Structures are given as C-alpha cells and as structure tokens.
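Q: Pasting a structure below so you can have a look.
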Amino acid sequence: MDEIRSANRRLWDEWSDDFQALWNANTADGEHPPAPNPFADDAPGGSQPDLLPTVEGLDVVELGCGGGQGSVGAAIDGADTVVGVDFSAAQLEHARHLRNHYGVDARFVRGDVTALPLPDDSFDAAFSGWVFQMVPNLDACLSEAHRVLRPDGVLVFSVPHPVYECFDPETGQFRRSYHADPRRTITIDDAYESDLVVFDRAVGELHDAAEAAGFDVRRVLEPEGDDTGSDDTAADDTGSDDEGDDGPPVSDRQDLTALVPQTLRFWATVR
C-alpha cells in the first residue's frame, strides 16, 4: 500500500501544473479561476438541504484537496474554519495560490487521508471529490473521516462511477467487467515517472464500507453528465418505433459513455 501511495504522490507532484492548467483552461482574462462550493446547488447531484442546509458558520475539511477549489469555494460561501489536506506538495502550492487569489481564510496541510493530521471531532462537514478511488485502504480512509467529524457530521464524497470506468475512453466501448479486479493502472503521460493506480470499487462495496466505518448513508447519487446527447439522440436510444425496424444497436450509433453517469456521489452522516 505504501508503494501505491508513493507512486500516486509522485504522479501528482509531476502532473499538478498541467492538471491545474486544464482546470483553469476556460478562465478568460480578468475572470476568477473556478472555486465551486462542493455542497452547493450546482455541485454534481445538487445540494441536500435536509442534510446540510448551508456551510455558513461550519467547520469544513476537504480530504484530498488538490488545488483547493472545494476548500476555497466553501470559504467563499461562509464556512468558518476550512482545512484542506493533500499528500502532494505541488498540489498544495496551487491551493495556497488560489486561497490568496480570493483572499479567504483556509488552511492547507500536507497529509494522507488514511492518517489525517487533525484532531478528533473537529469538523461539521467533510468533502472528498474524486480521491477515494486512488486510496488502497478505503476502510482506513473512511474511518479517519469519521474520526475527525463531530456527532451528526456530514460526509460527502464522490468517485468516478465504476460503470463509466468499464468503458474505453478512446472507443467508448465496453472494455472490462464491472466485477473485475478493481485495481487498475493509468498512464497519464509517458513523460511522467509514475503511473496512476486506481481502484474501481463497486457501488455496493463503497456503500458497505461507509456503513462499516460508522456512517449512515443517506443518499447515493448518479448525476447525469453534461455529454448525454440531445433529446433527439435520447429518443433514438430505444430504437425506431417503425414496425419491423428496431434500428441498429446503440453501440453502432454513438459513444456508450454518453449513456451512463460519470460520477457516483455519496452523502452520509455520522452515526
């Protein structure tokens, strides 16, 4: 596990500048770089006001904060104490730069999500976006999230949808079984020293791990992605209504990845 962690950390230290440049690629001159609040209405799947009406006045931690966008977004929307944790020094430099750009109060610390450098019962809400799939020891990760949250605290985490990850990104066709070994290695760039190791865990495994760590899973969301095709395309997915003509299979007509959610998002509360 330490070997995987070290390889992934090296990869993110190498990839960080290019990754953050892609994140900010659509930022026009004079515009602020994006810093979305991960609990807000415009987050994937929307807000859940019955579980977390607002972040205003709350203490919030981002687990695997990367460039700090979620942390800064929560601070902009009025969170009291905001802490972002990441194992990549390069990513944390970007996070601090973003914080300074917006002039908000947020602290960024280097650490691992399976051994958080934070005291018990410190936060009202925790968020992690597309991080837990890179963690070999999911149980330790969720246990640490539970430890640093206060009673009735809220955890929101998202990962790439495991069904979406069964498809080949180049061809859009099915490439692996949903029930295959979850471990997978991704080459981000041949110029980088390290590859990225991820774990495409099944929905049920993620749900059960959160429950075993002491959470009550309250929502499992599969938000519709941006690339879902037009209304006309969606209508064609079931084939023609003409008698004797069901049309060609969907796989012959379009990229199948447009038909499945890209993100899986959990909302859970401390039991």
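Backbone N, Cα and C atoms are what each Cβ position is placed from, and that goes for glycine too.
Okay, so TrEMBL annotates it like this:
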- 26-49: region 'Disordered' (REGION)
- 62-157: domain 'Methyltransferase type 11' (DOMAIN)
- 222-256: region 'Disordered' (REGION)
- 223-246: compositional bias 'Acidic residues' (COMPBIAS)
Q: Sequence-remote contacts (6 or more beyond its ends) of the region 'Disordered' (26-49), Cβ cut-off under 8 Å?
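A: Result: 55, 62, 68-70, 72-74, 76-77, 98, 101-102, 125, 127, 129, 156, 158, 218-219, 221-223, 263, 265, 267.
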Q: Over the span of the domain 'Methyltransferase type 11' (62-157), count residues by DSSP class, listing helix, strand and coil in order.
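A: Counting residues per DSSP class in the domain 'Methyltransferase type 11' (62-157), I get 36 helix, 29 strand, 31 coil.
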